[in-house]
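*Asks:* Quick one: the structure is below, and I'll ask about it shortly.
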Amino acid sequence: MSSESEIPPLSSSTAAAEESGEKTSKKAAKKEAAKLEKLRRRQEQEEATRRTASISLEENDEFSNNYGDVTLTELQSSADPKAGKWIEAVEGKEWTDVSDLVEEMLESEVLIRGRVHTNRPTSNKLGFVVLRESGSTVQCVVSQSEKTKVGANMVKYLKQLSRESFVDVIGVVTLPKEPLTGTTQQVEIQVRKVYCINKSLAKLPLSVEDAARSEADIEASLQTPSPAARVNQDTRLNYRVLDLRTPANQAIFQLQYEVEYAFREKLRFKNFVGIHTPKLMAGSSEGGSAVFRLEYKGQPACLAQSPQLHKQMAICGDLRRVFEVGPVFRAEDSFTHRHLCEFVGLDVEMEIRKHYSEIMDLVDELFVFIFTSLNERCKKELQAVGKQYPFEPLKFLPKTLRLTFEEGVQMLKEAGVEVDPLGDLNTESERKLGQLVLEKYNTEFYILHRYPKAVRPFYTMTCADNPLYSNSFDVFIRGEEIISGAQRVHIPEVLEQRAGECGIDVKTISTYIDSFRYGAPLHGGFGVGLERVVMLFCALNNIRKTSLFPRDPQRLSP
């Protein structure tokens, strides 16, 4: 999803299907809300019973200071070290991340915090709890012992802790008798004290353990007496807070951050300046109907489809090289695996010295750097994603392949695929061309340039040697378009003419066009969707997996 691309409207039949799907979705949402309300009432009753039981445990236990629910006073960050047993227990101690628990810490006392991932009591005197912090897990053992001041009531208390409850554990690092297969850490914690910061509902709308299973594991379980649950996409997104806790999702958003970080890092090194453009506009930045319209103090306005116009105006303001990481809004009805109505755009604009190939040079250097950074810096995260969603590493060349649009059309023609030489490539043609490029050049990342002018935005510069083509390009990963870029028209009269041809009211972009009347440099740039970069790098099947809280034609919450 590049922040410069335009998406064709759906057919009437598709729109009708989506309207029907939306009605079904609303009914399902009401049903889901009713179920959740019923669940909430039941949980309130269970909570009252649990608290009563917890109090009775502590009243008859000489070691009651070593466990229990943290009080509200303590949670309000009381400065009094005697405000409660939890504050007294953790006073002066430093928390250790679960991921840092290693054999070198044997016999050390540690304070850790995490969620109850699994809770497995084996007797009234012994229990095992796996604690999870982000994607890291460690086994905690609670064993009744006078010597360690762990009583039977403490074991019972741990039995009551529901999955996903948030707890602090103080204990000693030891080695298990046998290597552990169900945790990321190969040490275990002998529990001395445990305090619950916040309890989770006993019955959750989805299990994090279920949500973390790979499709292969689910299929294999179907052949057993206890088949695993498959958590569908709508359920995941309805309860996104729970879904985000899986190791794969934790890794996906670490990878997303790394893409953004590497993007900023390289561009800063290349003397680019980060900018922030307005998202409220008087007109439409791209033209067409895919705009979120609203009223702005009595004036018609819209949400920006891209920072296109303002990043060009920044160049006219002599900032020379700029980039932006920010939200992009598209009121499209495309309910596909790769389109969102709101996404994060990575946009670049720069002066051109001589030829628009300078922009493609930057794309080449920038994205080879990003891909290399992901492979070198994020091995653990890529492994976590691959465990649930297996994929082959992206194939890319040190020097990115460039083909002209005409060369791409010819490759398709030779493969028996007929396309309009002056039209755009549809999804099937893009995938086929990606397959052909992989077979011939052994790369899944390439640039296709000199697109027909008719399929590009109004501000795209025409080719010098053929007015039917433009100084523009798209970039592809695994057969899907990911970046759109071009040299821009910097001559105001030509801009006015092209805007009119594209159905844009020139008055709504008059300040944009006027900025070129004061002397404007040759310039160009590109835009790419952050979510789509991560989706295609990891070969994921849906962009909603790489959007924290996705917005599509049918989803406005959570």
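Just so you know, glycine gets a Cβ as well, placed from its N, Cα and C.
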*Asks:* Swiss-Prot has R330, A331, E332, R338, H339, L340, G529, L530, E531, R532 binding ATP. Which one of E265, E392, E481 is in the same site?
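*Replies:* Swiss-Prot lists R330, A331, E332, R338, H339, L340, G529, L530, E531, R532 binding ATP, and from E265, E392, E481 it also lists E481.
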*Asks:* Where S484 (L-aspartate binding site) and E332 (ATP binding site) are concerned, what is their Cα separation in Å, rounded?
*Replies:* 18
*Asks:* Could you round the CA separation between L530 (ATP binding site) and R330 (L-aspartate binding site) to a whole angstrom and send it over?
*Replies:* 15
*Asks:* Per DSSP, what is the helix/strand/coil residue tally across the DNA-binding region (110-195)?
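*Replies:* Reading the DSSP string over the DNA-binding region (110-195) gives 9 helix, 47 strand, 30 coil.
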*Asks:* Validating a neighbour-count step here. Other CB atoms within 10 A of the CB of E332 (ATP binding site): how many?
*Replies:* 22
*Asks:* Roughly how many Å separate the Cα of R330 (L-aspartate binding site) from that of R532 (ATP binding site), to the nearest whole number?
*Replies:* 15
*Asks:* Three states by DSSP: which one describes L530 (ATP binding site)?
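*Replies:* Looking at the DSSP assignment, L530 (ATP binding site) belongs to a helix.
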*Asks:* Including all protein chains shown, what's the count of other C-beta atoms within 10 A of the C-beta of S484 (L-aspartate binding site)?
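*Replies:* I count 24 other Cβ atoms within 10 Å of it.
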*Asks:* Quick one: pull the CA-CA distance for E481 (ATP binding site) versus R488 (L-aspartate binding site), whole Å only.
*Replies:* 20
